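As recorded in TrEMBL, the features of this protein are as follows:
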DOMAIN    B:63-514  domain 'Amidase'
ACT_SITE  B:Lys117  active site, charge relay system
ACT_SITE  B:Ser192  active site, charge relay system
ACT_SITE  B:Ser216  active site, acyl-ester intermediate
Amino acid sequence: MALTLFRGIQTRPFLPYPYGLFPRKHVLFYATMKSTQTQTATHEKEQPLLKVSSHTHSKRLDNVSKGYEAIIGIETHVQLYTLTKAFCSCPYSYGSQPNTTICPICMGLPGALPVLNSKVIEFAVKLGLALNCKLSLNSKFDRKQYFYPDLPKGYQISQFDIPIASGGFIDLDIPVEFGGGHRRFGITRVHMEEDAGKLLHTGNGSYSEVDLNRAGVPLLEIVSEPDMRTGIEAAEYAAELQRLVRFLGVSNGNMQEGSLRCDVNVSVRPIGQLEFGTKVEIKNLNSFSAISRAIDFEISRQVLLHNENQSIQIVQETRLWDEGAQKTVTMRKKEGLSDYRYFPEPDLPEVILGKEYIDSIRDSLPELPEMKRRRYEKMGLSMQDVLFLANDINVADFFDATIDKGADVKLAANWIMGDIAAYMKNEKLSINETKLIPQELAELIASIKGGTISGKIGKEILFEMLGKGGTVKGLIKEKDLVQIVDPVEIERMVDKVIAENPKQLEQYRGGRTKLQGYFAGQIMKLSKGKANPVLLNKILLEKLNAKS
Amino acid sequence: MLSSVQNPRFLLLHLPPKHLHFATTKAIHTSQTLALSPSTSPPVSQILTLRHSLLSRRSTAVELAEAYLARLRRTEPQLKSFLHVSENALKEAAEIDRRIERNEAVGPMAGVLVAVKDNICTADMPSTAGSRALEGYRPPFDATAVRKLRESGAIVIGKTNLDEFGMGSTTEGSAYQVTANPWDLSRVPGGSSGGSAAAVSARQCVVSLGSDTGGSVRQPASFCGVVGLKPTYGCVSRYGLVAYASSLDVIGCFGSSVTDTGILLHAISGHDRFDATSSKRQVPAFTSQFISKDLLESKPLKGLRVGIIRETIDDGVDPDVISSVCGAACHLEELGCIVTEVSLPSFSLGLPAYYILASSESSSNLSRYDGVRYGNQVVADELNSLYGNSRAKGFGSEVKMRILMGTYALSAGYYDAYYKRAQQVRTLIQKSFKEALDKNDILISPAAPSVAYKIGEKKNDPLAMYAGDIMTVNVNLAGLPALVLPCGFVEEESTSLPVGFQMIGAAFDEEKLLKVGHIFEQTLRGCNFVPPLVADDFPC
Ligand SMILES: [Zn+2]
């Protein structure tokens, strides 16, 4: 299966922090990691599950940050997968020509008014319930005011003091490679708001252009409690959120397109200290591994400053993750607290949720990742299998459907995680995009188990079905692939091969018994792989050892 | 400064009953010897007259439009009520004539020339809201109210002057021009819908749309001697109304008669899916129950409970205005109403609460005029100066002051003391209106504490100007409907200036207000609310 390699801080001797942090003897070690570095970001889309090839990195970090603990909280913006924007009837699709999906409302023209898309509420309630939150039966929208050219009204419609959902938690399992274990992280709040447009900076930088296609696209902002302690935990939190929004169908959760954006707050404090250290915000995290690496870099940077008695240099600021340089850099220092002058949005009525409405949504919730994982665990699958299968809703659905058709749980998991996953990775397809259907996978497993076909033939059929479709029965018939179990027929083939190889027979009988493999191979070839290997070998041995 | 009070003569001449406390104010219509203008007939609906002429083929829409346009051209140089006059009015009138000729159905407002306040969006005309910040701005859409008007056959004749973004009470706050009062060109028409009020008063159009955030329809209606209606919040869609204070703004109606005002309201009300605050209630046919004055019984309003708000006929209000309003109260009583005094203890809190809330919302609503998209963008090499300079150039001083006040009131650390407090006052005011309206069918008060004052008189005294809104702001805070009717005149410097009184109803009780207003207007004698400026070519 595909492994997304998680790597630690890339060593670049001219960078002050990592170089200063790690003793020289490790340079070689880090240098070897560099070669795989480029791989890391690219697999995220298909494969949000984080995998690491060694524990070494986190151990290094542990050494560096000995005596300190990091406090990590995440603010996530999820773009909702609604047909139209939050307050107007414009569609939104990522990558459209600039300013082609806009109208007077999302342009903020004078006199235009927002009208809430009810899907936004539905999706917010879904996610709120999935995050085990308390829902506010009576919430409202507020205006968050600031000036920026991508914000056409000069304020963002958001929710301030009464978010639609609050006080929840998310459960997840840390992959075995990272030490494993179950975690529960608190969710402070979930609130609804609208996205801003985008600034396009021209080549020579003398002016900027505004694209308002994204303005007014509905977002849910999910704020976590500061419950995470490592980059891995933070990345796994984000990955679980992505799974959740995809399972719920409220967002495509695509990080590259900005449908799921994470801003991370990191502070460190000496273990035992009660008050938090100075919080630094990190933006521009476009993948889970970027989240993890950026946080670990930032922890190291802050710990180093503490160790050098330079903690005064840790200031409240926003830092950007520089993917190329693998470090965080200052974007803007926060000068005092910004005052957004929130006040209730007078253009929109209050959001009132009825109990029946909430119940109907609760009843319609699909099985969520955590429930799936616990169910798979109970089926006796290993945690590695469980995490793989429950990672992608399509894979999970495929697996479940295969099991429903009576397939053996472990065998089905093996096929999916093995050859099918490899095929999906090579062809860059999702499991639904292959031509294989669960029923046929179940059939395939049954055919092998029942001896109709060999495992080898089974693989052949599998790839045929993945690429071109068809049924197991049909392919066996079409290609005449039924295993030969008739001893008479096998004996005939054995006789033929022995007769054609008198020299080898002589050598065998002269003591070179290894030649049995040669004979078996020739017979299998003659049978086009269909001969039952047990029978074949039994008959072959009898013939070879028979006194002439 | 004040000279004699000219009292209107009422249908039934009785002394006011003894139990009325307010009768102790200046004498009301007791002097029958006072010289009155020759007895005039009550106002006639221009819309119904015009419709009758059109459908009976007595005149064409083009002829009718030309008559109004001629008057507009003649009076406009003195009045300056319009910021823009449509070039298509006659073309649109000709289209109506063609339809009538082909015996096709025409809408209830067919051929009616409507002037539209320039803070209401029109796709074919500029919509500047009286601000340089929107100079040359042409919206790509019609406001819902305008769209509905056009769908009912009305012709938008032009865009009327206003105080910038509706912030003001004199129309002097326009970035473009100062509008004069048709009754006395040296006086203000009121504001902020001064252009729309003056245009109806001078019969430059049949009816007009204004907007009312704190009295911007009602006060100019009183100053110009026309009927002004502020509908219930949510009755008329705000879509396309350039926002000043969203929780208070409503589009309102001006007419020279209650019937016209009611027909106009009917044409523009109703739920709009583009305004989340618009009501889904069924719109009644406001004028269908109107009874011709010849068929009225002697006490047509028998049993109607009318409360006159004590706090509005108190110190600080022009005694002549009080006299006129009390006269109107007597008239209502003679029509059969039971008039009593009611007290709204929270009344005086309305003004500060209003200015905090309206300024707060406006500071937010006006953020979009940042020089990035409309108006004049000031060249700057840095974003903050682009914002700062574009806004400094785009906004007038009154607007800047309100943005500053609102920004301050919403700032961290001040929010609770100002905005939150004002919201609490608002709740209190809503409660006290509810109580008063549980005991009374309608409440009455002056529409403004004075008659129209001189241009420039209060320009440098914003607090005095703000104080002039005392009669009207409470109604916006409560979201209630109110109808202002001309009820008499005050003589100042040998000029007769109209006085209006305000009738406040329960939410969505426009039908009742209009019905009472119609009876009041039809039975009021001795008042001719056509200004001398146009009396010659607009015989009443
Ligand atoms: Zn739009």
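Backbone N, Cα and C atoms are what each Cβ position is placed from, and that goes for glycine too.
Just so it is clear, the model here is predicted, and its values are computed rather than measured.
Same-chain residues at least 6 positions away in sequence with a Cβ under 8 Å from that of the residue listed as 'active site, acyl-ester intermediate' are, in sequence order, B:Leu162, B:Asp163, B:Gly166, B:Ser169, B:Gly191, B:Ser192, B:Ser193, B:Gly210, B:Gly252.
Confidence over the domain 'Amidase' (B:63-514), given as mean pLDDT on the 0 to 100 scale, stands at 96. Of all the Cβ atoms in the protein chains shown, 32 others lie within 10 Å of the Cβ of B:Lys117 (active site, charge relay system). Using a 10 Å radius centred on the Cβ of B:Ser192 (active site, charge relay system) and all shown protein chains, the other Cβ atoms total 37. In this structure, B:Ser192 (active site, charge relay system) belongs to neither helix nor strand by DSSP; it is coil. The secondary structure of B:Lys117 (active site, charge relay system), as reduced to three states from DSSP, is extended strand.
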